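What follows is a short report on a single structure.
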Amino acid sequence: MNGDSRAAVVTSPPPTTAPHKERYFDRVDENNPEYLRERNMAPDLRQDFNMMEQKKRVSMILQSPAFCEELESMIQEQFKKGKNPTGLLALQQIADFMTTNVPNVYPAAPQGGMAALNMSLGMVTPVNDLRGSDSIAYDKGEKLLRCKLAAFYRLADLFGWSQLIYNHITTRVNSEQEHFLIVPFGLLYSEVTASSLVKINLQGDIVDRGSTNLGVNQAGFTLHSAIYAARPDVKCVVHIHTPAGAAVSAMKCGLLPISPEALSLGEVAYHDYHGILVDEEEKVLIQKNLGPKSKVLILRNHGLVSVGESVEEAFYYIHNLVVACEIQARTLASAGGPDNLVLLNPEKYKAKSRSPGSPVGEGTGSPPKWQIGEQEFEALMRMLDNLGYRTGYPYRYPALREKSKKYSDVEVPASVTGYSFTSDGDSGTCSPLRHSFQKQQREKTRWLNSGRGDEASEEGQNGSSPKSKTKWTKEDGHRTSTSAVPNLFVPLNTNPKEVQEMRNKIREQNLQDIKTAGPQSQVLCGVVMDRSLVQGELVTASKAIIEKEYQPHVIVSTTGPNPFTTLTDRELEEYRREVERKQKGSEENLDEAREQKEKSPPDQPAVPYPPPSTPIKLEEDLVPEPTTGDDSDAATFKPTLPDLSPDEPSEALGFPMLEKEEEAHRPPSPTEAPTEASPEPAPDPAPVAEEAAPSAAEEGAAADPGSDGSPGKSPSKKKKKFRTPSFLKKSKKKSES
């Protein structure tokens, strides 16, 4: 090694910078007004502009002068050449192709066909091409049959059942005239439309050629005519040649019951087919082999035939027959022979199979009762319509449920009403009559604008009336002003099961009527409480307001309650003494009045006083019987007034009232004299004695108004007399009456 060698310094080239990658914002000027306008644009508006850019090419074609000139020339050519020029038909086809919406994904056909090629190109010929004057020549039933049969041909092409221009599917149009629809000979299944079908009779003669110039394969229709002649119930006949069907028709064992599709066909008929039918003996033999009930006929070494009472039923049987043949052909190829197969018992399957009139599947609501094959055929028609075929099929039951509005249209208030309340020229004041009229208008407008939570449904025709009637039914989701909060009064953090148990318990109590006042107090449960009222002392004006369980015997009285029932024995005794003391003073006044009356001259009339309106009870009815006992015995007293009568029965009580004393100073009015002279009705003896006492007392009070015998004293300085209780006072008006 070299001794003067030293550590070398390794120098690396400077790192190369990565090339600048152009970004989106490098190409955009943020200060550009166009960029700012597009950035601030709403997403929906930006999407609309993008759609307009995509449709710009179509708009350019429609707005081009060349297109307008060509269209005008074709219209002028139509006026010159007639109804259906070739250019107009071509333009109509172009319009059909452009307006048809073809999805990006198509269902894969089992065997393929010409329709698959057409769909891949994005061009589909519509099935229902009956437009304008073409549809006038056919009635509604024939139009529907033409659309169904043409759609059936399209399905056969999609499933791969077609064999170039051969094989036929026919349907009966009219049973009386024996007219049938068949495809023109030379037209592919993918080209068949409703207007291109040919109408023929039972002998094969053309009745209506349709929209084509092609004829009919009468030799091919011979098989169909033989079946139609033998089976009046048959409305549709299908004759196809499939590889699997031809393979099964060549087997000696025939169609084996190894699949549900094979068992769903029922009794299968066989016929040794020897080519095109040329003689009548062959027709009779076919009719004999088919029988009156068979729906499926296998032509030996030739093909398959299915019949049905409708187009849908014929499609159902031919579809199951083709599937059963494919299953059998593949099974025998893998099993090695019929002896290695497990056969099903047709008798057991027949008991479980659905009848022709039973509905297939039940959905929500009330779906129609499907016939055999109708539900499957309708589903395939929806598929064709989604692909853009425009089948014109009348759907019996829509697959998609229409979302019913939560609130009916009539619930939306009217934006404009035809009622005006005040005009511009009116003043603020109005008459009461006009105000009332405007109030009626406001009520009517409010009723018109207020929605109703009902839904209208049209009822069909019935036997009684041919008109349809509108029936209003209550809507389920009717709007309410306030929403009910569930479990509003349930405390938080509670067990839901306990709440439900308590709710059920309350409901049972309500049903069994065992409501109580609540839990019984544990403190007062042993205390025995005596009733303050005993039996027979409850006074009321009606027995209906008294519970019979507690008061079975009630005293009915129209007078008021006794005010002395609440007083004790001591208070009653004091009151009795006070009454006796006041009574002695009244007796002295009565004696003075008698003396004054004797001294008065005989020609001076006595001042008359009307008797009281109501009699006073006798002594024995007024004096309570004093009893000795505790305070509870006070409740046993009879509800009567205290004793206010003197000891002698001849002497009556009289209570001088202040009103009577003031009236005594007045001179007798002339109106009072006839009152005294008027005869009074003869009352009972007891009230007469009672009425004499107050009159005598009043006469004494009139003779000597002063209590101390001085007639010169003023009434204000009189000695204070005992005043009767308020319940015994009689008004001045009653006393004068």
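Our numbering is plain: 1 for the first residue shown, then up by one each step along the chain.
Even glycines carry a Cβ here, placed using N, Cα and C.
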Out of 1-21, 358-378, which range is noted as region 'Disordered' by Swiss-Prot? 1-21
Please work out the number of neighbouring Cβ atoms within 10 Å of the Cβ of THR445 (phosphothreonine), leaving out its own Cβ. 16
Could you tell me which of these modified residues, THR331, SER334, has the greatest number of Cβ atoms within 10 Å of its own Cβ? THR331
Average pLDDT across the region 'Interaction with calmodulin' (717-734), rounded to a whole number: 58
What is the separation, in Å, between the Cα atoms of THR331 (phosphothreonine) and THR445 (phosphothreonine)? 77
Pop the Cα-Cα gap between SER334 (phosphoserine) and THR445 (phosphothreonine) into the table, whole Å please. 81
